[in-house]
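*Asks:* From TrEMBL, here are the annotated features:
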type: COMPBIAS; residues: 195-212; note: compositional bias 'Basic and acidic residues'
type: COMPBIAS; residues: 213-231; note: compositional bias 'Low complexity'
type: COMPBIAS; residues: 245-254; note: compositional bias 'Basic and acidic residues'
type: DOMAIN; residues: 143-181; note: domain 'STI1'
type: DOMAIN; residues: 508-547; note: domain 'STI1'
type: REGION; residues: 194-254; note: region 'Disordered'
type: REPEAT; residues: 5-38; note: repeat 'TPR'
type: REPEAT; residues: 39-72; note: repeat 'TPR'
type: REPEAT; residues: 73-106; note: repeat 'TPR'
type: REPEAT; residues: 244-277; note: repeat 'TPR'
type: REPEAT; residues: 379-412; note: repeat 'TPR'
type: REPEAT; residues: 413-446; note: repeat 'TPR'
type: REPEAT; residues: 447-480; note: repeat 'TPR'
Amino acid sequence: MASQVEELKSKANAAFSAGKNDEAISLYSQAIGLDENNHVLYSNRSAAYAKGSKYDEALKDAEKCIALKPEFAKGYSRKGAALSFLKRYDDAIKTYEEGLKIDPSNQQMLTDLENARRDAAGPAAGGMNFFSDPQFLAQLMTNPKARELMNDPETAMLMKMMQQQPNNPALLSNPKLMKLLGCVLGFELGDESDLSSKMETDSKASSVKKEPTTTASKPTTNPTTSTAKPTEQSKNMTPEQSPAEAEKEKGNEAYKKKDFETALAHYNKATELDPINMTYYTNRAAVYFEQKQWDNCMKECEKAIEVGRENKADYKLIAKAYARMANVRTQEKDYAGALKYYNHSLSEHRNPEVLKKKQEIEKVLKDQEQLAYINPALAEEEKAKGNEYFQKADYPTALKHYSEAIKRNPSDAKLYSNRAACYTKLMEFRLALKDSEEGIRLDPTFLKCYLRKGHALAAMKDLGQAMAAFGKALEIDPNCQEAIEGYRQCSVKSSDDPEEVRKRAANDPEIQQILSDPGMRLILEQMQNEPQALRDHLRNPAIAQKIQKLIDAGIIGIRHG
């Protein structure tokens, strides 16, 4: 009987390893029929069910495994995995914690527990992350407009970020993501380049009215339909305002058709009829902007702001006029002037799009300032001074000169390497790491920066990443003794530190993928309980490659002899 059970289990294991999941489940079931108290069989079948997306069955088998042998830690790992697949993260966390009481150093369960906690802390309670919902994603892919939007690299990147950070407020309000959402949910958001972003069609907000009802926004309507059914606002218009609005609507229609001269004529007529409405001035400014008549655009905006201030117009309209003036200065490459008007606009109303433009201008100005300061000859003088003080062990003064050298020549990788060495002497390892990485970015073949990076990471106890940095140095110079010694020291320290092994696994996406595969979990368990099974699995090239990856990372060890 026992030999028959072992034979069925071996065949099932082989089928599972070969990806024949249904066959493996059948063979495990036959073995269970002969030995229904064998906890390992239930554990193995649970893994097979999980791999086949039969999570309820996987959970039942895992619970049966635990009931048969409560001290068997792998049973808790199986149960936790099934619960996680069922998105019952709180129950999965409790299960992993129970299993770790039995086997506190179980690397797989420690990693799975971290993942379960991270998933449990994902979307807020009661909320829904549409961008992680398979049905929503399928609708996106079949929606022509949505597919067109996703061709934009920024939109694709934002969508990926939303999947990872579903509660990020900045992402939740991003107009590109909202537009993508609207394609599927059936609502439309105005395009950033719409007429409304260049022209204020809400003329009521800019006029002085005695009745409270006239301060509300008036939606833009087609002139032919707006007269058919008078709104409450139109009833409250003065005899001058009604025809002025009609002229403005005609101007808007001409503007949309890019018939700017006709649009200008209608806006001029609207201003004659209602000279205290600042919208008509800003609409004229929009026309001048399209015609690249920058001086006329600026004058119209200034007049609009003057009229708006006198008549207590909505602060948002004042802000838009200032923003248009900033846009003009940007077109003229007067970035200091643009920054001034963007600041004026934001002081009236904090519009996210205007804030973004202001930040872009600030970056341009900063880049210009840095470019004007660059002087490689002076950078060399500062580096020489830094080297001199470094040799005297006066590291703060050396740091000052290296920093000045970097300002004078920010594209020289050697300067970042020198400053990284200085930061290391001052025990500022994170800053040393940052400078090393910048040096590598500037010159990926510069050996010293990899050495600096390795030493900084080793000092920060991140031995896995330190070994990777020393490994890169050895790719550049296989005979570099400093890299060889650094790698050896990190390897010795990390091999005795289970926490470092677990940390390295958590930071490597490829290792995470291998460890989360139910098939690989079963294979690793077999390697632990049945060392002779390793030879069979190594015959499969794909399995052998994954096992070698885990060996190289120190996740598993192979005993010789």
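Glycine is no exception: its Cβ is also placed from the backbone N, Cα and C atoms.
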*Asks:* By Cβ distance under 8 Å, which residues at least 6 away from the ends of the repeat 'TPR' (73-106) in the same chain are close to it?
*Replies:* 39, 42-43, 46-47, 49-50, 53, 55-56, 58-59, 61-63, 65-66, 112-113, 115-117, 119-120, 498, 518, 521, 525
*Asks:* Which bits of the chain, at least 6 residues beyond where the domain 'STI1' (508-547) starts or stops, bring a Cβ under 8 A of a Cβ in it?
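*Replies:* Sequence-distant neighbours of the domain 'STI1' (508-547): 13-14, 16-19, 40, 43-44, 47-48, 50-51, 74, 77, 81, 108, 111-112, 115, 464, 553, 555-556, 558-559.
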*Asks:* Can you tell me how the residues of the repeat 'TPR' (379-412) break down into helix, strand and coil by DSSP?
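*Replies:* Helix, strand, coil within the repeat 'TPR' (379-412): 27 helix, 0 strand, 7 coil.
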